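Here it is: the structure, laid out below.
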Amino acid sequence: MKNYFLPFAKASLILVYLVIFAGAAVRMTGSGMGCPDWPKCFGYYIPPTDVEVLQWQPDRQYEKGQMIIHDDSLWKAKEDFTTTSEYNEVHWEKYTKHDYAEFNPNHTWTEYINRLCGALAGLACLAMAIASFSYWKERKSITLASWLVVALMVFQAWLGAVVVYSVLNPIKITVHMVMALVIVAIIISIIHACRCRNEEIRKYHSSFKTILIVSLIFTLVQTVLGTQVREFIDEKIQAGIGNEHLWLNMPNIEFYIHRSFSFLILAVNIYLFYTNRKYNLGFDKMKWVMILLILEVFTGVLMNYLHFPFGSQTAHLVLASILFGVQFKLILEARKCYYCGRSSED
């Protein structure tokens, strides 16, 4: 079983990133309420593609929990039954989790695919956790961390339901995003723990790891600031401003902080890149940090000056998530290097 653990762990990491990508697409397209209930979608395991399915129809069989949109509200069937020639409220109960009652097939299927990706990632994490029992005798921390990932995936699923029931409360969305990054960090830690003995020893530099940690914190703060900017844009859209050219007209203070903070992040990582090259520390992933940062700045410029071209928002968030993962992996490598360096000095 041990031979399967690392492939399962890598698959889990890839699929969690796929969920982040799908979630970013949901955010970009405004599809978060495409499925107004959870875990089903309008009471169906496979959601409808046509609004007629959600309209009351005579002589039609309904199953318990299936929904219709009636009088601008969601109603769900109390039990399995077949309609007669007239609508009868006896068979229906009003959906009370929220008052959102709209159907957009594109939004519905975008959100549904996001949920399918989440379910697939959850299964991969469960497989990883089961396989982790092969490490129980020699490295219990790997097994415990693997099952922590499963617990956090369950929490994420519950939090996803909370986000829907809150009609996309911005704070809950931000927590949902941060928790995804926490899961990424734990899985990367697990993979690192399985492979660290095979990694080459890197040179010790006293301040490199500390500044790496600062850089990672900056990235996390910047990601949260980005969600606040997106919240501002959502408010513009909800106010009926559909023209992308006007979304950042008179932006909020978070936008200016987000934009200015990017220069500080870039400066810190340029210093890390320079230090790594100057002292030949051997952290090859620093070049990927710089590439990701350049792409991140580029997509930010696209959104600001070219008025949110298609895909730019999704790319911006996904790149930030990948950057977080690479920086966290660098910290793990520097931590190992730190202990090697300290032991050689003693």
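Glycine is treated like the rest: Cβ placed from N, Cα and C.
Nobody curates TrEMBL annotations by hand; they come from automatic prediction.
Computed from a predicted structure; not experimentally measured.
Checked TrEMBL, it gives:
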- 12-30: transmembrane segment (TRANSMEM)
- 112-135: transmembrane segment (TRANSMEM)
- 147-167: transmembrane segment (TRANSMEM)
- 173-194: transmembrane segment (TRANSMEM)
- 206-225: transmembrane segment (TRANSMEM)
- 256-274: transmembrane segment (TRANSMEM)
- 286-308: transmembrane segment (TRANSMEM)
- 314-332: transmembrane segment (TRANSMEM)
Which range wins on Cβ pairs under 8 Å with the transmembrane segment (206-225): 12-30, 147-167, 256-274, 314-332?
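The stretch with the most contacts is 256-274.
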Output the single range from 112-135, 173-194, 256-274, 286-308, 314-332 maximising the number of Cβ pairs under 8 Å to the transmembrane segment (12-30).
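Against the transmembrane segment (12-30), the leading stretch is 112-135.
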Which one, 112-135, 256-274, 286-308, has the most C-beta pairs under 8 Å toward the transmembrane segment (173-194)?
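If we count Cβ pairs closer than 8 Å to the transmembrane segment (173-194), 112-135 scores highest.
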Against which stretches of its own chain does the transmembrane segment (112-135) lie, if we need a Cβ under 8 Å and a gap of at least six residues from its ends?
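Answer is 1-2, 4-5, 8-9, 11-12, 15-16, 18-19, 22-23, 25-26, 31, 34-35, 39, 41, 47, 142-143, 145-147, 149-150, 153-154, 156-157, 160, 187, 190.
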